[in-house]
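> The structure under discussion is supplied below as structure tokens; questions concerning it will follow.
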Amino acid sequence: MSDESRPHRTAAVIPAAGRGVRLGPGAPKALRALGGTPMLVHAVRAMARSRAVSLVVVVAPPEGAAEVRLLLDEHTLPDRTEVLVVPGGETRQESVRAGLDALPADVTSVLVHDAARPLVPVDTVDSVVEALRAGAPAVVPGLPLADTVKEVGPGAPGRPEPVVATPERARLRAVQTPQGFDLPTLLRAHAEIALAGEGATDDAGMVERLGVTVVVVPGHDEAFKVTRPLDLVLAEAVLARRRATDAY
Ligand SMILES: Nc1ccn([C@@H]2O[C@H](COP(=O)(O)OP(=O)(O)OP(=O)(O)O)[C@@H](O)[C@H]2O)c(=O)n1
Ligand SMILES: C[C@](O)(CO)[C@H](O)COP(=O)(O)O
């Protein structure tokens, strides 16, 4: 079968195996409640809301995969969405790799989405899918920055860090998830970059190192990552507003 006539199947991989150290003490971050529902359930629903996504692979804390399976079975998800649960690794990169390894052979493209971004709107997910279907091998949602960013150099111990550069802000984007990929490209990036022992804070960064072009589509303010306690306050407010206005 030629590439053009090969049917598309898009899956989502949700790394959810992190501890959430920056959020403070408590259960693993993905299992903490947001509006009374675990953050992970919001993230799975956010992916399942896209009609393009028929399979979601959740990457659970290694010791908590059975608990996560039970939890997902207790919550309503669209019937057309299959949900698999696999155990994660020590780093986000290892967890994503575990999720990719669980994908069936008919999957052609994949969205990698942080459980820690529970409120991403479906339009943002669909923009990523659309750019993939238009032929981009790698797509990230991104937003312009509101702050000026400084690059700092190593300073003397105990002294303030010295600024070494101010990148031109107009050319910077804060990137979010879901990040979308042609699956063979992302598998190659994970194989080659991990083999070289290199880390990356996002999947697109690994694909960039292969020399493959990554494109940016508009992100969304509500796709922010719940990282610190104040983010949870904001997430609760956004969710409360959605529930009050659109039967969310
Ligand atoms: N070993 C890991 C580490 C992170 N993640 C996931 O990667 C996403 C983004 O990571 P981050 O927000 O940094 O989550 P944590 O690692 O949990 O946060 P922290 O660094 O504060 O502990 C989260 O959904 C997290 O669950 C993962 O699946 N496996
Ligand atoms: C993937 C990511 O969400 C893109 O902004 C981000 O790099 C994850 O970083 P974290 O430190 O693992 O939360």
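In case you wondered, yes, glycine gets a Cβ from its N, Cα and C as well.
Pulled from TrEMBL, these are the listed features:
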SITE      ARG22  site 'Transition state stabilizer'
SITE      LYS29  site 'Transition state stabilizer'
SITE      ARG169  site 'Positions MEP for the nucleophilic attack'
SITE      LYS225  site 'Positions MEP for the nucleophilic attack'
> Roughly how many Å separate the Cα of ARG169 (site 'Positions MEP for the nucleophilic attack') from that of ARG22 (site 'Transition state stabilizer'), to the nearest whole number?
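Pair distance, Cα basis, whole Å: 26 Å.
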> What Cα-Cα separation, expressed in whole Å, is found between LYS29 (site 'Transition state stabilizer') and ARG22 (site 'Transition state stabilizer')?
9
> Near ligand 2, which of the recorded sites ARG22, LYS29, LYS225 are found, taking a Cβ distance under 6 A to any of its atoms?
LYS225
> Filter the candidate list ARG22, LYS29, ARG169 of recorded sites, keeping only entries whose CB is under 6 Å from an atom of ligand 1.
ARG22, LYS29
> Which is it, of ARG22, LYS225: the one of these recorded sites whose Cβ has the most other Cβ atoms within 10 Å?
LYS225
> Can you count the other CB atoms that lie within 10 A of the CB of LYS29 (site 'Transition state stabilizer')?
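Here the count is 25.
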> How many other Cβ atoms are found within 10 Å of the Cβ atom of ARG169 (site 'Positions MEP for the nucleophilic attack'), counting all protein chains shown?
12
> Measuring Cα to Cα, how many angstrom lie between LYS225 (site 'Positions MEP for the nucleophilic attack') and ARG22 (site 'Transition state stabilizer')?
12
